[in-house]
Amino acid sequence: MSSSPFEAAASPGGRVVIPAPAVTPPPFPSEVREPLLTPRISSYRSQSMQPPSSWEAGTHMVKSILGVALLALPRVFSMLGIGAGSICLAAVALLAYASLHALAKASARTGVMNMSVLAREELGVTGQAVLDMALIFNCFGMLVVYLVVIGDMLVGSPGEPGILTQDCGSRRVVLAVVAVVLLAPLVSSTSTCARRGSGGGVLCLAPNGTWWIGPEDGGRAARWAGASALGVAAILLWAAVSLILFIIAANNGALSHMHWWPKGHALIGHGFKSAVELTSLLSIMLVAYTCHWTLQHSVRMQSASSVRERQAQGVSAGAIAASTATFLLISICSYGVFGNATSADVINNYSVETLSKLLIPELAQAGFFGIRLGVLIALLLSFPLHASGREGMRVMAPLRTSLWQLVFRQPLQGPGLYLVTYVTLGAAWLAAAHLSDIWSVLILIGSTAGVLISLILPGLLSVGMEETLTETRGSKIRRQGGGLVLILFGIGIGAAGILHLAMYAGKTPHF
């Protein structure tokens with residue numbers, strides 16, 4: 001009799017074979033929140049689990065791209081012209097896709113599905129710290145821009161009325177009410193969930209990066225997909241209205257004169273200044289496409305196991321293509337309707353006075369309220385996504401997670417989550433109450449945090465990625481060359497934006 005806990009059996013050849021012990025899968029009751037996946041790849045996956053489809057994952061990503069920077073793109077087109085604006089937008093879209101491709105490849109090779117952790121493992125602690133600071137600056141700045149735009153729609157901007165009357169209070173008071181009554185509850189969510197199959201329950205991502213299965217929660221599972229779909233629908237409805245106004249203006253002969261290229265005669269004698277100003281506009285376009293921390297989140301919700309490179313490429317390519325088409329439609333149509341008077345926040349151009357030139361008074365009044373309410377709803381529907389999961393979908397989640405980890409070097413959970421959420425929201429309200437223009441803020445964000453997140457850090461990942469056994473020499477050269485291109489574009493756009501703010505901010509451009 002063997003003293004081993006396993007029975008030994010002799011094979012015909014005389015060798016002793018010790019059979020492996022039977023492994024019993026751990027119980028997984030649906031009523032208990034058990035960790036399903038760690039931030040790395042897990043080997044377990046419930047057979048009844050049916051995460052969102054590619055369409056739903058793509059919708060999440062489209063909504064994260066169709067953010068508040070969209071409102072400044074019509075003015076960019078009014079300055080660059082239709083031809084130059086379209087070419088520049090397409091170039092930035094290709095850069096965004098290339099950087100997302102680099103992130104997807106790095107995540108697929110390492111199994112790391114968190115952008116901050118990926119930066120630490122591939123670029124070291126310094127790389128992670130730089131990324132965390134860039135995320136903090138980007139997300140806080142965008143939160144301020146969101147509040148400024150909400151203030152423009154509700155209270156109005158200088159010379160333009162808002163939805164509310166002056167009896168409702170000052171801009172500061174209205175934004176405080178919005179932050180406390182509407183935004184604070186929306187950004188207090190602590191997990192994001194996706195539907196399961198016939199087995200019931202929901203698949204959820206908690207703030208600590210773990211997945212768990214829990215019971216249905218009154219439709220919580222559908223909230224995330226529904227918020228994305230409704231937000232995208234609101235933006236598409238605005239795009240349709242812009243196209244209708246463009247057609248009406250063209251039929252009535254009221255279409256503004258649109259140029260295709262920057263005015264050449266105005267550039268003569270101002271070469272350096274014009275080059276800086278033109279290149280700085282790319283930073284605003286870059287902000288519109290900065291959604292890189294949402295890629296792994298969206299694809300992981302779909303696969304529920306890891307980021308698959310081909311899957312991520314499909315989701316990102318579809319989302320960028322759909323968003324670019326929307327950008328082009330709204331930007332060109334708004335430029336045609338409003339001409340050189342296009343505002344940095346194009347919503348301010350949709351006044352009753354301007355719309356009355358194209359529509360009957362009743363429709364002009366309805367359009368004034370309808371467009372503002374539609375865009376406002378799209379912005380507000382984004383905030384639940386902003387607070388979802390560890391990476392989140394756009395602003396609040398990466399802001400509070402990066403800030404907490406950078407300061408305390410530990411996971412964000414418990415009372416600290418609510419503390420950092422409400423403190424950052426209060427700071428954003430204080431900044432937005434004293435700002436009335438989003439133009440310089442967007443250039444500042446794009447030329448600093450934007451180029452780091454969207455171009456330079458993905459480029460460094462692509463250049464420094466370890467070679468695999470199946471990677472050919474040509475593939476390695478293309479990967480590293482593409483990474484260098486991302487880094488060079490990031491440095492150029494960042495330098496132009498900073499020079500513009502330092503030397504030419506507030507001055508009339510020469511084109």
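Placement of Cβ uses the backbone N, Cα and C atoms for every residue, glycine included.
As the structure is a computational prediction, the values presented were derived from the model and not from experiment.
The domain 'Amino acid transporter transmembrane' annotation in TrEMBL covers 53-186 (among others).
Sequence annotations record features per position, and here TrEMBL assigns domain 'Amino acid transporter transmembrane' to 236-467 (among others).
The region 'Disordered' feature in TrEMBL is assigned to 1-20.
For 76-104 (among others), the entry in TrEMBL reads transmembrane segment.
The transmembrane segment feature in TrEMBL is assigned to 125-149 (among others). Beyond its flanks by at least six residues, the transmembrane segment (125-149) meets 67-69, 71, 115-117, 119, 175, 178-179, 287, 290, 293, 345, 347, 379, 382, 394-396, 398-399, 402-403, 405-406, 424-425, 427-429, 431-432, 435-438, 441-442, 444-445, 448-450, 452-453, 457, 460 of its own chain at Cβ-Cβ distances under 8 Å.
Positions annotated as transmembrane segment by TrEMBL: 169-187 (among others).
Here the transmembrane segment (230-255) has Cβ contacts under 8 Å with residues 59, 62-63, 66, 70, 326, 329-330, 332-334, 336-337, 355, 357-359, 367, 370-371, 374-375, 377-378, 381-382, 385 of the same chain, all six or more residues outside its ends. The transmembrane segment annotation in TrEMBL covers 230-255 (among others).
Taken from TrEMBL, the feature transmembrane segment covers 275-295 (among others).
Marked as transmembrane segment by TrEMBL: 315-338 (among others).
What TrEMBL lists as transmembrane segment is 358-383 (among others).
Annotation source TrEMBL lists transmembrane segment at 416-432 (among others).
Per TrEMBL, the feature transmembrane segment maps to 438-463 (among others).
As annotated by TrEMBL, transmembrane segment applies to 484-505 (among others).
Sequence-distant contacts of the transmembrane segment (484-505) (same chain, six or more residues past either end, CB-CB distance under 8 Å): 95, 98-99, 102, 273, 275-277, 279-280, 282-283, 286, 440, 443-444, 446-448, 451-452, 454-456, 458-460, 462-463. Counting Cβ pairs under 8 Å that are 6 or more residues apart, the transmembrane segment (169-187) and the transmembrane segment (358-383) reach 3 or more and are in contact.
Tertiary proximity for the transmembrane segment (358-383) is limited to same-chain residues at least six positions away from its ends with a CB under 8 Å from its CB atoms, namely 63-64, 66-68, 71, 146, 149-150, 153-154, 162-163, 182-183, 186-187, 227-228, 230-231, 234-235, 237-238, 241, 245, 248-249, 252, 254, 337, 347, 350-352, 393-396.
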